[in-house]
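Have a look at the structure below, then the notes.
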Amino acid sequence: MKVLALRHSVAQVYADTQIYTHDETKDDYENAFLISNLTTHNILYLNYSVKTLQILNKSGIAAIEIQKNDELFTLIRCNFTYDYIDDIVYLHDYSYYTNNEIRTDQHWVTKTNIEDYLLPGWKLMYVGYNGNDTRGHYNFSFKCQNAATDDDAIIEYIYSNELDFQNFILKKIKERMTTSLPIARLSNRVFRDKLFKTLVSDHSRVVNVGPRNESMFTFLDHPSIKQFSNGPYLVKDTIKLKQERWLGKRLSQFDIGQYKNMLNVLTTLYQYYDMYHEKPIIYMVGSAPSYWIHDVKQYSDLKFETWDPLDTPYSDLHHKELFYASDVTKLKDNSILYVDIRTDRENADWKTWRKIVEEQTANNLNIAYKYLSTGKAKVCCVKMTAMDLELPISAKLLHHPTTEIRSEFYLIMDIWDSKNTKRFIPKGVLYSYINNTITENVFIQQPFKLRTLRNEYVVALYALSNDFNNREDVVKLVNNQKNALITVRINNTFKDEPKVGFKDIYDWTFLPTDFETNESIITSYDGCLGMFGLSISLASKPTGNNHLFILSGTNKYFKLDQFANHMSISRRSHQIRFSESATSYSGYIFRDLSNNNFNLIGTNVENSVSGHVYNALIYYRYNYSFDLKRWIYLHSTNKASIEGGRYYEHAPIELIYACRSAREFAKLQDDLTVLRYSNEIENYINKVYSITYADDPNYFIGIKFKNIPYEYDVKVPHLTFGVLNISDSMVPDVVAILKKFKNELFRMDVTTSYTYMLSDEIYVANVSGVLSTYFKLYNAFYKEQITFGQSRMFIPHITLSFSNKRVVRIGSTRLNIDFIYLRKIKGDTVFDMTE
């Protein structure tokens, strides 16, 4: 959903678009709630309130002020992520249809021959960091840039077994045109940048679990963040390999040597960050022209000093000359060194060339050892070739993708590695490593152990659901880690599957009730965005690849109506009720019927069941940004911070009724997951609320009416407005509450319209218009620990006779209250009041 705020209506009609005019009779929160539950994708919001827009954005729903027609046309035709703090729109708009172009934000790609392999008539477009270079295309009242790129397809090609790039990219573009937009991938880059900048400024120690290559630029400016990954491939691990020969295989039609060099340097850099938590000087020997340095500098102020007879245009200090072992003394401490020396083969025969390569490998290794032999805070990455070698057993092996697999690989060493035990590694073993291993991640830090960290903020995005983690340990970490943002895969199967397959792995599945957290927000991706100053135009869809975002230790926990709130809670219900159901009131009717309340007259305005809880349960796959458990808990402890809106606090029994209705719904749908979720939420309600039932009552509240439009033979027909189980000493407390509610009780619009047999020989008249006040009264008694109401649903009625009678129907007739009283069952009236 996207909300585009206009000061006046537009003449043009757009598909999947609805107009909402601000309702001055309602406050900003109520307007925001009504907007959020509209069913179209585009909402044109007229006569808007800025406060309402703020409320929607905090809820993760993109809402933007529009000043020009161009702005409206641009935003209505594509999806986007909105930074509502800095007023920046990040479009996710592929431009195939306007410019026949493939988009990239990696500068090195533009310096390859990739255009030779694009579709006929197509070109490559460089858009800069998150589309920064496209800002000039949009002369808007807000900052706007198009962050959509095809880098995901380019990188997937590099790691795939496909060689024909044109066929590969054509297939990927067709996939993009026939499947839903990978909005999370596009939006996630914006989110990660914002997230870690915020966390580093707010927390002294941040830990990140499971980063992948898509985050390799995000952390360049955050050396203090401790990374945990899958660990490195060490020299000593080659002991498991059998010897092989040179294979030789082309991985890419266009030259990706620069990409390999970038990955090597970034892997080395993150090793340095892991050890020293600060930025080093980056020395590079060879590897010109290194256009990728431009990409790195978009994200960080890292300094590069380079040596190569060829130009390196983006280096801070370039020496256009060869580098020798004697030059190592020029290199300072607190640095990394990348050695990529290899002369061109030119016309040399194979044997001569092989001899040169082995000599250069020995020379490269000598430079590395010399660099690491003195000083402090140093890490080196050196180019190697498959040959008989003695190498430190703790050194890390790298084999990032390159244009052709031949005989080269890379070795990362720190000072300690260079002095560690060395082992002889035969050439054939190194060929086996090269032929069968592609390094897939620049993050090669040690794996994360599933244990609580006392002083750190833990971030684990899409990293802990894998079934090689112990599920109980994951739950324990979420429950006990005081400061964290952790995601786990949500269980949106229908058979309550404990794990689901994803790509070539299996993930555990989770529901919010799997966790026991009292100070954590459990929400969706879009709900999480709102807490970090972002909103999105396309909400999460129940694809099977959805995650719960669990934020622990956030200062937004008590702000119940501002973040992870009830916005859009009825949206899925509206979509179904107005397009597929037998009646638009089907939800209300089902909730009443499933709790044995058969008086459906006015059910849409007088309902016994919490619609919020019911919708949050049965449609949780469509909207789990609403943190239901937090909502229940904060109300149960009376700690909810409510900023505005027509906010109705439910009585705990209404929540129980909702769970029962959801359970009935789940059985009809054969939805085992909702069935379990409903049971567990009901158990949670009973846990946090101390609900007691007056199933053996000794007092009741009665309402006597001035007029009863039916024949009756009981002595005093009345409405039993709830029963109590109290001691005589509590009577004054009950009376005090009744007096407090006096005006509201006498203002009730009480009506009746038919009679019916409640059971055999109990003839009653229906009563409407009292449920809302009944549940408010229930809440007041609950807060004073007064037992009021029974476990079965309260069905308001007036007993007319204790014999079987014929059902009577009349027009809706108002019942005027004569007086209200408190009486002991089989005893005397102890209190009464009149208007």
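Each residue, glycine too, has its Cβ placed from N, Cα and C.
Taken verbatim from Swiss-Prot:
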{"type": "ACT_SITE", "residues": "His718", "note": "active site, for 2'-5'-phosphodiesterase activity"}
{"type": "ACT_SITE", "residues": "Thr720", "note": "active site, for 2'-5'-phosphodiesterase activity"}
{"type": "ACT_SITE", "residues": "His797", "note": "active site, for 2'-5'-phosphodiesterase activity"}
{"type": "ACT_SITE", "residues": "Thr799", "note": "active site, for 2'-5'-phosphodiesterase activity"}
{"type": "REGION", "residues": "171-245", "note": "region 'N7-methyltransferase activity'"}
{"type": "REGION", "residues": "246-428", "note": "region '2'-O-methyltransferase activity'"}
{"type": "REGION", "residues": "429-555", "note": "region 'N7-methyltransferase activity'"}
{"type": "REGION", "residues": "556-692", "note": "region 'GTase/RTPase activity'"}
{"type": "REGION", "residues": "693-835", "note": "region '2'-5'-phosphodiesterase activity'"}
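Projection of Swiss-Prot feature records onto the structure.
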residue: His718; record: active site, for 2'-5'-phosphodiesterase activity; CB count, 10 Å: 21
residue: Thr720; record: active site, for 2'-5'-phosphodiesterase activity; CB count, 10 Å: 17
residue: His797; record: active site, for 2'-5'-phosphodiesterase activity; CB count, 10 Å: 19
residue: Thr799; record: active site, for 2'-5'-phosphodiesterase activity; CB count, 10 Å: 17
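Secondary structure counts, DSSP: the region 'N7-methyltransferase activity' (429-555) has 27 helix, 34 strand, 66 coil. The region 'GTase/RTPase activity' (556-692) scores a mean pLDDT of 84 in the predicted structure.
Across the range of the region '2'-5'-phosphodiesterase activity' (693-835), the DSSP-based residue counts are 31 helix, 56 strand, 56 coil. The distance from the Cα of Thr720 (active site, for 2'-5'-phosphodiesterase activity) to the Cα of Thr799 (active site, for 2'-5'-phosphodiesterase activity) comes to 9 Å.
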